[in-house]
Amino acid sequence: MKKQIAILGSTGSIGTQALKVIAEHPDLYEAYALTANNKVDLLIEQARQFRPEAVVIANPDKYLQLKEALSDLPIKVYAGADALAQIVESGPIDIVLTAMVGYAGLRPTMNAIKAGKVIALANKETMVVAGELVNALAAQYRVPILPVDSEHSAIFQCLELNNPVHKIILTASGGPFRTFSLEQLQTVTKEQALKHPNWSMGAKITIDSASMMNKGFEVIEAKWLFGVRPEQIEVVVHPQSVVHSMVEYVDGAVKAQLGVPDMRLPIQYAFSYPKREPLSGERLDFMKCNTLTFEAPDTRRFRNLALAYEALHRGGNMPCIVNAANEVVVASFLKDQISFLGMSDVIEKTMERVTFIQTPTYEDYVETDALTRRVAAEMVINRTY
Ligand code: NAD
Ligand code: MG
């Protein structure tokens, strides 16, 4: 039986690479549903190639164009956020790959869990915002959440059945500004930030990588995925991105997963788990990687990492606040409305202003997200940070 896969965000960086995995294994995987936000032309092209049962475009303005372009095929066409949240519940779907970006991924992910679907989790923001809630749901519905983020996939691949993790060592590339001074960081542009040294990814996560908020989010994601305490998670800067992350055990043994930077591997592993399947592409050549280096992260220059740790320690809706403020400032930075370092200022101030809730419900997260966006956007516009 082929595994039926729904891809939330099939037109993005993770989504298109997931389709490459499916194309490489037509005997194993089938695209059951494809969804996108805006890129209707690419979605049409993907639908014509992969012939899913259904496609969903989140932006309702694009519905007619999509519907017409696929009218000769037996593909169901839907539009809007509600349709997107509902499509994941379709009976035949085995795995939902959450490859959409940001807070918007939370609702469809929760729906997919309630419908008993295996989650291949790329959308880390979902775990950052509501990890506790998502974990509780996954336990209630007995649904596995399989990591797609390369670091978490690496850790997952290093886990042992009978031995608990002693420490998680998350590697970070350090991004394009790893060696920049605080003074230099004051004037960096979005064009510089969008040039990641090792990975080609969507704009939002690329900016998050440059500011190291991405690593901060990954620390929070690791806590919820692997059930460890914050003190058990260490970040190590490793500019070559060959060691994808490591696990230390009580006896001091450290296991690492290595490979060339290629997201198709963690995507495919989430699809094929617990098996491994062949995968085309470049292999790690140790004769060519004779320098693997490691250094401590600098939270003075990369304050977002410290802010994410703080949010993790405070818990409650604080990570939700940090995520929403971050989504606002990253969008603003991409429109040249705020400086690189200004982003951390806004996030920090927003953390002080939005009401803290120790044990939030789903509705509290929805409210916190909306309120935080208003507070952060106002700060950016009025420059009150
Ligand atoms: P991307 O911007 O390239 O693609 C995002 C996809 O989500 C697109 O298909 C877009 O149409 C869709 N989308 C965006 N907003 C939406 C909304 N409001 N409603 C519905 N659909 C929406 O992003 P990406 O780089 O592929 O990242 C996707 C997720 O995976 C992010 O959460 C990111 O943190 C995570 N991730 C990405 C990588 C990577 O290598 N790209 C690695 C690890 C984790
Ligand atoms: Mg990652």
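Note: Cβ is positioned from N, Cα and C throughout, glycine not excepted.
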**Asked** Need a hand: TrEMBL gives Lys124, Ser150, Glu151, His196, Ser209, Asn214, Lys215, Glu218 for 1-deoxy-D-xylulose 5-phosphate, which of Ser90, Ser173 is also on that list?
**Response** Ser173
**Fill in**
Note: TrEMBL has Thr11, Gly12, Ser13, Ile14, Asn123, Glu125 binding NADPH, and from Gly202, Gly216, Gly227 that site also includes Gly202
**Asked** So what sits near Lys124 (1-deoxy-D-xylulose 5-phosphate binding site) in its own chain, CB-to-CB under 8 Å and at least six residues off in sequence?
**Response** Asp149, Phe217, Glu218, Glu221
**Item:** binding-site residues near ligand 1 among Ser13, Ile14, Asn123, Lys124, Asp149, Glu151 (Cβ under 6 Å)
**Value:** Ser13, Ile14, Asn123, Lys124, Asp149
**Asked** For the binding-site residues Ser13, Ile14, Asp149, Glu151, His196, which residues place their CB under 6 A from an atom of ligand 2?
**Response** Asp149, Glu151
**Request:** Using the recorded Mn(2+) site (Asp149, Glu151, Glu218) as reference, state which further residues of the same chain have their Cβ within 8 Å of the centre of those residues' Cβ atoms, listed in sequence order.
**Result:** Lys124, Pro147, Ser150, His152, Leu170, Asn214, Lys215, Phe217, Glu221, Ala222, Ser245
**Fill in**
DSSP says His196 (1-deoxy-D-xylulose 5-phosphate binding site), in three-state terms, is coil
**Prompt:** Near Gly12 (NADPH binding site), which residues of its chain come within a Cβ-Cβ distance under 8 Å, counting only those 6 or more away in sequence?
**Reply:** Ala36, Ala99, Met100, Val101, Gly202
